[in-house]
Amino acid sequence: MTRTALSPNKLLQGVGLLIIAWLVIAFLYYPIAHVLIAAFFPEGQLSLGAAERLADSSRVTRSLWNTALVAAVTVVTVNVVGIFQVAVLEFFKVRFAPLLLLAFSTPLVFSSVAAVSGYNFVYSSHGFLTKLLLMVFPEMDPNWFTGGMAVVFVHTFTMTGYHILFVRIALRRIDFSTVEAAQSLGVSPARAFISIVLPMLVPVLLATSLLVLLGSLNSFAAPAMLGGRDFYMISSMIQALVGLGRTDMAALLSLLLGAVSLVIFLWMKHVESRGGTVSTAKTQAPLRKTAIRNRVTNAIVHALAYILVVIYAAPILITIAFSFAPVESIIRDAFPSAFTLDHYIAVFSNARAFGPLGNSLMLATLAVAVALAVSLFAAIRIRSTKGVVSDSLEFSLFIPWVLPGMMLAVGLISAYSGPSLLTFGQTLVGGYWLLPIAYVFLVIPLMVRMLGAALAGIDPNINDAGRSLGASAFYRFRRLTAPLLAPVIALVTAMSFNDLLSEYTLSVFLYNINNMPLGVALQNAARADGQDQIAISMVYVVLLLTFSLIVILAADRLGADRSGQR
């Protein structure tokens, strides 16, 4: 007799695929389609009215110019600072290198709206540095740190994490014998780095520059908090248009940003395919730090390195110090006049003050749990089964990595401002669940990419041996695959959780009064005149940094323990 009943494993796979298909169609393709409809078919007929109104708006034109200029300048400044950091960490002998590494690594845990808030506490009208400058120059404008200059400055010192992660590793793989040969001919260390080392790093520097360009074009927190009244970038322009009810114009702008982001992404993939690795010899000499023989050059390099340490450390240290200061001291004094725990007590004892922190923790936990379940299922399916379904699944789950978050947010608002069959007749805009759903898709691409890479590194014979012994697919996953994936699962969970704690771009479009997250609360505090809000926002930043460190350290420890058990 032919067996027609489905096995539990195939039934589970089928249900999983149906759930993911619903999620992808409902919350990716349908919103993207609504962006296209809102931009070109606002009343059911093809119309270019939105494009004409955008072209006629001097404010929109200025925002496009500002975005292009800020992005171009950011790429240059981030590369200058990032390359210098990598050089003093790995190539030149500089004293207190561990301190430099600690300071230069802060963008990895101190980023997004939390970092922008930290720099705001140092350089804004009530900031530490501004107060010191006003003592010397009482006639200066206290609102000097605004506009494009402020945005570029914050971009420069919050986007160098790519260099610490990628360029630094690439530099370590360089064959040092070529540098030694040049130095034996009398070439100075600085000239050797510029003329020999940098050309070898061009592929990774180009890829890193494209990541910086992509991040700068989609920047939202920095222009929103530091741009001031008259400085707009595309991101803040889209937010303003949505607030004015001009969804068609906002959709078209988000499409433009999405198209540019897609071109950059494809260019980045092209760079990777052409050779994203550093040229190395088969038998290479290990990299060794080189002393700078010229005393003047050596002094300049050391001075610049320590100045960068101050720039990176100041927002963190000053925020921590003033989070314990009385409200009057925060506003009036350059240094805390006293210390108190009142602000921390207020956050944990006052439901209204604790709300944004509690909301972010809950939203991040929910989103990461769902995203991890979807990503594990998808990564295993993509890795184990080849075909149209798996290829379509992989392509679909990487869409949020290519398209800007603002485009997804505008699409979700347009698609679910009323009842929809895809959400079983529910209206999601103005409700609680739209934001965590968007969070899920924000972190899924990273999870799928890293879990897929980890699965590719697992010996397939391990799974085959379990199958030959009669173990079910679920048992093989639980006892064989999951323990091997545990370090990567811990890492991607920690990274995703930290990213969502301070997420701002999607949050500012999709939050409501019942789930306002920390990112929005920090932005509101930066624009508010209330002294209590400034104090509470400092506590938020300190708590964000603390949670980020705890999560990363816990994930690292868990991953190490699991690796040791293997």
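Just so it is clear, glycine is given a Cβ too, placed from its N, Cα and C backbone atoms.
Under the heading transmembrane segment, TrEMBL lists 12-32 (among others).
If you look up TrEMBL, you'll see 64-268 (among others) marked as domain 'ABC transmembrane type-1'.
Here TrEMBL flags 68-92 (among others) as transmembrane segment. Sequence-distant contacts of the transmembrane segment (68-92) (same chain, at least 6 residues past either end, Cβ-Cβ under 8 Å): 100-101, 104, 148, 151-152, 155-157, 159-160, 162-164, 167-168, 171-172, 189, 193, 197-198, 205, 208-209, 212-213, 216-217, 219, 223, 233, 287, 289-292, 301, 304-305, 308.
Summarising the annotation, TrEMBL assigns transmembrane segment to 99-124 (among others).
The transmembrane segment annotation in TrEMBL covers 144-171 (among others).
What TrEMBL lists as transmembrane segment is 192-217 (among others).
TrEMBL lists 249-268 (among others) with the feature transmembrane segment.
Residues or ranges marked as transmembrane segment by TrEMBL: 303-325 (among others).
Per TrEMBL, the feature domain 'ABC transmembrane type-1' maps to 357-551 (among others).
Look at TrEMBL and you will find 361-380 (among others) tagged as transmembrane segment.
Residues 17, 20, 24, 27-35, 37-38, 217-218, 220, 235, 238-239, 242, 247, 250-251, 254-255, 257-258, 261-262, 265, 374-375, 378, 381-382, 423, 427-429, 434, 437-438, 441-442, 444-446, 448-449, 505-506, 509-510 of the same chain sit 6 or more residues outside the transmembrane segment (392-417) yet have a Cβ under 8 Å from a Cβ within it. TrEMBL lists 392-417 (among others) with the feature transmembrane segment.
If you look up TrEMBL, you'll see 437-458 (among others) marked as transmembrane segment.
Annotated transmembrane segment per TrEMBL: 479-497 (among others), in sequence order.
Under the heading transmembrane segment, TrEMBL lists 534-555 (among others).
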Inset, instruction - Given the cut-off of 8 Å on Cβ pairs that are 6 or more apart in sequence, determine whether the transmembrane segment (99-124) and the transmembrane segment (534-555) share at least 3 such pairs. - result: yes
Inset, instruction - Return the stretch with the most CB pairs under 8 A relative to the transmembrane segment (303-325), choosing among 12-32, 192-217, 361-380, 534-555. - result: 534-555
Legend entry - Beyond the flanks of the transmembrane segment (12-32) by at least 6 residues, Cβ under 8 Å: 6, 374, 377-378, 381, 389, 393, 396-397, 399-400, 403, 407-408, 411-412, 414-416, 422-423, 437-438, 440-441, 474
Legend entry - Positions on the same chain near the transmembrane segment (361-380), where near means CB under 8 A and six or more residues out: 16, 20, 23, 393-394, 397, 435-436, 439-444, 447-448, 451-452, 455, 477, 481, 485, 489, 492-493, 496-497, 500-501, 515, 517, 547
Legend entry - Considering the transmembrane segment (249-268), which listed stretch of 144-171, 192-217, 437-458, 534-555 counts the most C-beta pairs under 8 Å: 192-217
